[in-house]
Amino acid sequence: MAGSSSDWEAEIELRVKSGWLSKEEGHRLKTLLKMGETPDRIVTKESEHWTHSSNVMLKDILLHKEMPTPFTKFLAAIGVKWIRQKIKEHDLRRADPEYQNRFPFLDALVHSDRFESAMGSIMLANAIMIGFQVSAGEGEKDAETLYTVLDFFFTFAFVLELFVRALPEGWRWWCKLSNIFDVIIVLATNVIPVWVFLPMGIDNAVVRPFAVLRLFRVVKLGRLIRKYRRLKILWNLFQGLIGSGRILIYTLLMMGTTLFIFAVFAVVLITKNDITKDHPLVLLYFPSVPEAFFTLFQIVTLDSWTGISRPLGETSPLAGIIIVTTVLIVELCLMNLVTATIVNAAFERQAADHEMVAREKKEKNDKLIEDIRNLFGEMDKRGTGKLTYDEYMEAVEANDVIKTKFVTLEIEHAEELWNLIDVGTGEIAVNQFAQGLRIISEETKAKDLFAINRRVGNAAHRLEMCVEEMNRNVRQVQRFEQDIAAITQQLTLATRAMVNLMHGCARCIPAGQVLITEKQVLKSQEKLLENVRPLLGKNVGQVARLHRRRSRRGKKHFDDDDEIEEIEEIE
């Protein structure tokens, strides 16, 4: 049965945390879960019906990743899969804010910009030295000695770099492909030639080609270039070069197809033509399709193409038309289109470079906050860290520097800015001022407007719920008031009845002290029996005996079963 969207999101989160899915894959799958409905699709593997296209795609992806292949089985057999899992677990632990590296100093050093800059400078110096070393003559002994010493220095520096980078991460560092590439280059071009071959007395002519291979490490300077904003243009060019590989392949395919078609046309219309087939240039440049293909390639590079096109054009206008058409299509149209595609791809890669975009945004925000703090300091004449409305308006009207900064930050109405930042206290703190001014000065995006609209809608919905809850509470309070009024009325009646009872009982209670003896009590009982004799009849004697018996018992309870039955018989 197809799971709900929330179930799949929980599944994705679990797989991302465990390292089974990357963050990019998890984000893509979550996006797919928000897609619209599509017609039913049957998954034949488990005969399940899915109505959501994202669920289908998600399940296909999960089943595909879980389905073992011969290659994955081989990787699992040799331990590569286990190593990858351990590396992912280590990366997850490093992402934890509470993670503590066993070499904190080296870890901070390796991830610092200064270390990257230092190693990049050493790589660049090594590349320059290789250029001079290759250009040096065979008989320059002093130069060879200097280059040998420099080789030992660069080799030591590169080996030290590898160990410094590897110590914070341990054995996992040696299992990453980029690090394996560095290790192979350093071993093959530095350690073995310099520390093994040279001490063995092997000729420099054998060692020198290995040194040239070190230039491959210069590619790593691209990682250093992206860290500096001043080298942004160079980084864009580097990205364009790295990302143009696929474009160049398609360009070669299209150019080759176009040149092949025109080469066939040239052989048919020029070489086979009776007018031009005996022309020396035709016999030299267009004898066959391969020769014509290479000639047209030379022409589209604009390498002395007029020396071929003009004589042939004078002999046969058709030959000139073919050559000019080839130049127009390949050189002016295709090559310019390829250039535009490469430039566009470079900009797309730049926009997709989240790390560089985040760094630029952070630098921009830091500079903006620093300007805002300086602006606040110029306004706060008392130095209290808080700004009042009078100080704010006085500084805006009198200080030209503040006016200039407001213009730089594109702030037109100072009073409106105060009303937006102030929360009704009449004072603004420096952090409140900086945060509010930074938000206002930033470019408004459709995403921000949508987020604000959504927050306002949520707030309005919560207010409606609060109003409805308040109305329910008001109705409940009204019912409570009615109940309280009824209870008050009942209490009033009960109090009045109690007062009347007290007045009635007061008449029966003697005002003074009453003293009575036992004989007087018995005499009163006898008198009472005389009064009730007509009602009791023949049982009056029995009742009298019971009363006398009870009187003799004093304070004991009158609960004997025989006496109770006797009273019941009398009644």
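Backbone N, Cα and C atoms are what each Cβ position is placed from, and that goes for glycine too.
The feature compositional bias 'Acidic residues' is assigned by TrEMBL to 560-571.
Along the domain 'EF-hand' (367-402), the predicted structure has mean pLDDT 72. What TrEMBL records for 367-402 is domain 'EF-hand'.
Per TrEMBL, region 'Disordered' is recorded for 549-571.
Here TrEMBL flags 115-134 (among others) as transmembrane segment. Listed as Cβ neighbours of the transmembrane segment (115-134) (distance under 8 Å, sequence separation of 6 or more from its ends, same chain) are residues 109, 147, 150, 154, 157-158, 161, 208, 211-212, 214-215, 217-218, 220-221, 223-224, 227.
Summarising the annotation, TrEMBL assigns transmembrane segment to 146-167 (among others). Here the transmembrane segment (146-167) has long-range neighbours at 103, 106, 109-110, 119, 122, 125-126, 129, 132-133, 136, 173-174, 179, 182-183, 186, 190-191, 193-195, 198, 211, meaning same-chain residues at least 6 beyond its ends whose C-beta is under 8 angstroms from one of its own.
For 179-198 (among others), the entry in TrEMBL reads transmembrane segment.
Taken from TrEMBL, the feature transmembrane segment covers 247-270 (among others). Long-range contacts of the transmembrane segment (247-270) within its own chain (CB-CB distance under 8 A, at least 6 residues past either end) are made by residues 276-277, 282, 286, 288-290, 292-293, 295-297, 300, 312, 316, 318-319, 322, 325-326, 329-330, 334, 338, 341-342, 345.
TrEMBL lists 282-301 (among others) with the feature transmembrane segment.
Here the transmembrane segment (321-347) has Cβ contacts under 8 Å with residues 236-237, 239-240, 243-244, 247, 251, 254-255, 258-259, 262, 265-266, 269-270, 296, 299-300, 302, 305, 308-309, 312-313 of the same chain, all six or more residues outside its ends. Annotation comment: TrEMBL describes 321-347 (among others) as transmembrane segment.
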